[in-house]
Amino acid sequence: MSKNVVVIGTQWGDEGKGKIVDWLTDQAQGVVRFQGGHNAGHTLVIGGKQTVLHLIPSGILRKDVACYIGNGVVVSPQALLDEVGMLERAGIDVLSRLRISEACPLILPCHVALDNAREIARGLGKIGTTGRGIGPAYEDKVARRAVRLQDLFHRDRFAAKLGEILDYHNFVLKNYFQSPVVDFQQTMDETLSLVERIRPMVADVPRLLFEANRAGANLLFEGAQGALLDIDHGTYPFVTSSNCIAGAATTGSGIGPQMLHYVLGITKAYTTRVGAGPFPTELDDDVGRHLAKRGNEFGATTGRPRRCGWFDAAALKRSIQINGVSGLCVTKLDVMDGVETLRLGVGYKMMGKGEEEKFSAIMPVGAEELASCEPVYEEMPGWSGSTVGIRNFEQLPMAARNYLKRMEEVCEVSIDMISTGPDREETIVLRHPFE
């Protein structure tokens with residue numbers, strides 16, 4: 001009998017999902033991306049060699065694993081082929097193993113132009129997007145004017161839809177942002193020149209997933225970004241433009257909710273955030289700089305430095321609730337090596353409706369509410385020994401084990417996996433999600 005697992009980030013992204021997905025594909029026959037676009041950045045280290053994927057599922061690095069991009073993903077044709085080319089030059093077979101939903105909305109040059117024009121206009125109030133056109137592409141999807149992947153195979157239909165959205169977006173670019181417009185003919189010619197290279201990978205993904213599941217295949221659904229960036233449940237408006245929670249695995253791939261059996265929530269042993277938005281446990285001191293340096297905290301997509309802070313259990317509890325997390329995987333435990341005293345955020349002081357201060361053990365909804373919160377900490381002793389590469393829980397320093405056990409107690413979810421380094425094999429497994 002097949003078992004299907006959803007892997008999601010429980011923080012603001014960059015939790016180390018790529019490595020864990022790659023590790024789990026040892027027992028999966030298919031890996032599915034179901035939301036986001038090439039704004040995601042999944043870094044994998046295998047045998048000391050680093051690979052960064054933005055759009056293609058992490059399972060592509062495992063021979064004989066089928067990979068799928070579901071309808072919930074927005075696709076840049078050029079970015080897709082750039083990534084395919086990068087993998088093929090590394091000797092990885094992509095074309096026979098990757099299938100992309102014909103219903104995926106496209107990211108076009110007008111979306112990138114609009115994304116960047118908006119960020120410039122916002123000035124100091126910018127959201128901190130990756131500038132890759134993700135948000136505007138999702139807007140077109142919701143407005144029912146998106147160009148979808150299947151439209152590329154019908155020249156006249158593609159031309160008509162492209163003309164419609166360029167009329168709309170060019171008017172905004174020219175008259176509202178005073179920015180250069182996007183040329184229709186150039187966009188059409190450049191996009192159509194890619195069609196024959198993309199065509200072999202396009203398929204009816206919901207049907208393929210249904211058939212694979214019926215045949216007994218284990219499927220792994222790979223989330224991008226993190227639950228606290230979810231368009232509905234995140235720190236709005238400092239969020240991404242898609243649903244990043246486990247439930248999106250169904251709508252973004254076409255598989256039924258009863259076919260999902262386990263949700264693995266990925267969390268760092270501390271907290272990071274890229275771009276703007278409230279971050280109660282953020283550190284601007286030597287500890288924060290230690291975490292950033294040792295954890296190599298720079299965005300895989302943008303290269304921007306990540307903001308670092310203490311572990312925030314109240315934020316994680318919000319993620320656990322909205323995702324129905326079955327178990328946690330704690331990553332980058334080794335980054336905490338050498339920190340003398342650890343602080344674990346267990347909740348917030350916040351103003352109640354009667355303007356009286358109260359304690360909350362769970363993150364409030366919305367950026368404004370979170371920005372007014374003051375974290376409440378518990379202190380625990382750190383450890384001086386190295387945890388790098390440890391694969392057995394009992395071999396961890398006692399202080400590290402106590403730290404993890406306290407995380408479990410506060411968050412009320414079991415820790416099933418622990419990552420002690422960037423390499424695939426530097427992993428402790430307490431309960432295997434597929435078993």
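Start at 1 and count along the chain as shown; that gives each residue its number.
The backbone N, Cα and C atoms fix where each Cβ goes, and this holds for glycine too.
Straight from Swiss-Prot, the features:
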BINDING   13-19, 41-43, Arg306, 332-334, 419-421  GTP binding site
BINDING   Asp14, Gly41  Mg(2+) binding site
BINDING   Asp14, Glu15, Gly16, Lys17, Asn39, Ala40, Gly41, His42, Thr130, Arg144, Gln225, Thr240, Arg304  IMP binding site
ACT_SITE  Asp14  active site, proton acceptor
ACT_SITE  His42  active site, proton donor
BINDING   Ala300, Thr301, Thr302, Gly303, Arg304, Pro305, Arg306  substrate binding site
- [ ] Using all protein chains in view, find how many other C-beta atoms are within 10 Å of the C-beta of Arg304 (IMP binding site).
- [x] 13
Open item on the list: For a quick check of understanding: among the binding-site residues Gly13, Gly41, Gly303, Pro305, which residue's Cβ has the most other Cβ atoms within 10 Å?
Closed with: Gly13
- [ ] Across all the protein chains here, work out how many other Cβ atoms are within 10 Å of the Cβ of Asp14 (Mg(2+) binding site).
- [x] 28
- [ ] Compare the C-alpha of Gly41 (Mg(2+) binding site) with the C-alpha of each of the binding-site residues Lys19, Thr130, Gln225, Pro305, Arg306, and give the closest one.
- [x] Gln225
Task: binding-site residues near Gly13 (GTP binding site) (Cα-Cα within 10 Å), from Gln225, Gly303, Pro305 - done: Gln225
Task: Local Cβ density at Thr420 (GTP binding site) - other Cβ atoms counted within 10 Å - done: 25
TODO: Among the binding-site residues Asn39, Thr43, Thr130, point out the residue whose Cβ has the most other Cβ atoms within 10 Å, with all shown protein chains included in the count.
DONE: Asn39
- [ ] Using C-alpha atoms only, work out the spacing between Arg306 (substrate binding site) and Asp14 (Mg(2+) binding site) and round it to an integer in Å.
- [x] 9
TODO: Using all protein chains shown, find which of the binding-site residues Lys19, Arg306 scores highest when you count other CB atoms within 10 A of its CB.
DONE: Lys19
Open item on the list: Using the alpha carbons only, what distance in Å do you get between Arg304 (IMP binding site) and Asp14 (Mg(2+) binding site) once rounded?
Closed with: 12
Open item on the list: Can you tell me the CA-to-CA distance separating Pro305 (substrate binding site) and Asp14 (Mg(2+) binding site), as a whole number of Å?
Closed with: 12
Task: Gln225 (IMP binding site), number of other Cβ atoms within 10 Å - done: 29
- [ ] Specify the secondary structure state of Lys19 (GTP binding site) as given by DSSP, simplified to three classes.
- [x] helix
Open item on the list: Of Asn39, Gln225, Gly303, which is closest to Asp14 (Mg(2+) binding site) if I measure between C-alpha atoms? They're all binding-site residues.
Closed with: Gln225
TODO: With H, G and I counted as helix, E and B as strand and the rest as coil, say where DSSP puts Leu333 (GTP binding site).
DONE: helix
